[in-house]
Amino acid sequence: MLLEIENLDVHYGRIQALHGISLSVGEGEIVALIGANGAGKSTTMRAISGLRRPSTGRITFGGEDITKMRPDRRVVAGICQAPEGRGIFSGMTVQENLFMGAYTRKRGAQLNADLDHVYMLFPRLKERRRQPGGTLSGGEQQMLAIGRALMSRPKLLLLDEPSMGLAPMLIAQIFQIILEIRDQGTTILLVEQNAQQALSRADRAYVMETGSITREGTGADLLVDPAVRDAYLGVA
Amino acid sequence: MTTLKERYYAVADGVRKAEAGRQKWAQGLRGRWQSIPKPVRLLAGLAGVVLLFALPNIAIPGIPFRTDEIPNGIGFSFVLSTIAIYVLVAVGLNVVVGMAGLLDLGYIGFYAVGAYTVAIFGSPDSIVATKYPWLICVPIAIALTMVSGVILGTPTLRLRGDYLAIVTLGFGEIIRLVAVNLRVTNGQRGIPSVPAPDEAHVDWNVFGWFRIKFDFDLDIFTPMDARPYYWLALVLIIVVILAVRSMERSRVGRSWLAIREDEDAASIMGVESFKFKLWAFAIGAAIGGLSGALFATRNVFVNSGNFNLLLSVMFVAAIVLGGQGNILGVVLGTVIVFYLPERFRFLSTKRELVFGLALIVIMVLRPQGLWPSRRRARELQDRKLEAKEAAAGA
């Protein structure tokens, strides 16, 4: 397993946000984490990228214990997150944002090739590369966040709500790109409220409720699981 | 009959139109300035610098900009040297507030440490009585303020936003109170005879091997004439600005920018946010220490009354007014904040009121500052939008 989480507890002050979470992501997989608002999905992401220290539990990445590692070290180790919503640098241009993604890497031909690759995945970003990030539309900002994360050449890409606030057509497009990224060898853990899309694209998935994982299985299995259908897919 | 409300809207509309026109004009200005060939621009900059150096000796009949031409006014070169020292402070504070986005309300503390260091190590009247020459005291002052920046920053930079502001506010007051109560700083009575840059009275026996003996005073820097201090401050300002600008364009500057815009996003891009924030604090503190040293030297005397909270607040006001993040904007803001009260001295006590009103009007019309960095203006706009969205979502 590339990423393994065992019995993770996270507290915000006296409030416990995660209750003994355990999950794993294998190399080359797309794993989805679905659940309602406030279920603890984003907190899990923050714990993996190092923005939030767990109170107990263990996180291992590629066999190495990273539970206490600083966030910037985790980027070097190969974990990169595309944060939800407006997690881009609004005062920097699109291109500067992308170069921020490659912050831990040396500039050079390889980096320029990666930049071209991101522009190929998201032609819109190329058109707008000199524009400040803050002037982009919601969908474009989402693309920028994903593209920026790719620039660090992560082994594991964390996507927090890639479909948030996007039109249905754009959502399909973003998920298409996520599949492409996986096919090029990047493992993906994604958090989604759009359970339909997430489950139909993911190899495996976990369902979270109020800080605990209540169900897990392959994406296809969970799609037909009556409880999941009932709660998250809007079909009776 | 128009109601007050309608009239208010009409005025607001006019202001918006004027602002749009000004933006267009400013953009045109920037474009035109950048289309001028580089050597010419360099020459123009040089001419500006020469003008600044000549300023204490210039008077234009009909335009009474000199503070000694007005009733109750004080010496123009003295005012200029004060402003120049404060500009240096603002350039340093701008590294912390404008570039790294850390609200530091106790910056005056570093300024005080710099001033006291020069006085304590240099003055024959301090109880330490090492009587080091100025050129040795200043590096000590810079080093000590840098260390105090690290000491303050290490525990506090884990805090964010308002919390950091509160803690730094406390730091400024602690330094002042310590200065009041410590024997070495001599409290309210202070330390006189701070050495001038052009004197040295040294007679050292280094390990009994050889003897270093200097005893001179060139009498260029005297309490009679503030111009040399102004010129010295100008030279230091130029050096510091060039250094800060090159830092801004380096990896360090990009890290500060990323931290300022979104610290979480910066750290998940691999920016060691704590390290770079500490660097910003240390570098800012060093510049503050240098300006404090200069201040003590020009005044020849330091006491705890020089370092009150109000001055700290004025520095932040100067930066916000001028335009955070843009060095030249910050310089402009400082000049305005510290020149206007002197220029309006003829209004005696009412000048504070006029000055306060002027600040309010400027901040209402231009919340991003008079001459902001383009990025900063962008961020501010974006934050407004975000707040609006959050309000709409709630």
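Any Cβ shown, glycine's included, is placed from N, Cα and C.
Because TrEMBL annotations are produced automatically, they should be read as predictions rather than curated entries.
As recorded in TrEMBL:
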- B:42-63: transmembrane segment (TRANSMEM)
- B:75-95: transmembrane segment (TRANSMEM)
- B:102-121: transmembrane segment (TRANSMEM)
- B:133-152: transmembrane segment (TRANSMEM)
- B:164-184: transmembrane segment (TRANSMEM)
- B:229-247: transmembrane segment (TRANSMEM)
- B:278-297: transmembrane segment (TRANSMEM)
- B:309-341: transmembrane segment (TRANSMEM)
- B:353-371: transmembrane segment (TRANSMEM)
Contact yes or no, the transmembrane segment (B:164-184) and the transmembrane segment (B:309-341), 3+ Cβ pairs under 8 Å, gap 6+: yes
Per Cβ pairs under 8 Å, the stretch of B:75-95, B:133-152, B:353-371 packing most closely against the transmembrane segment (B:229-247): B:75-95
Close approaches to the transmembrane segment (B:309-341) from elsewhere in its chain (Cβ under 8 angstroms; 6 or more beyond its ends): 67, 79, 82-83, 86-87, 89-91, 93-94, 97-99, 103-108, 169, 172-173, 176, 237, 241, 244-245, 248, 260, 351-352, 355, 358-359, 362-363, 368-373, 375-376
Remote residues contacting the transmembrane segment (B:278-297) - C-beta distance under 8 A, at least 6 residues beyond either end: 85-86, 88-89, 91-93, 95-96, 99-100, 102, 104, 107, 110-119, 134, 137-138, 141-142, 144-146, 148-150, 152-154, 157, 194-197, 221, 229, 232-233, 236, 240, 244, 247, 252, 256, 306
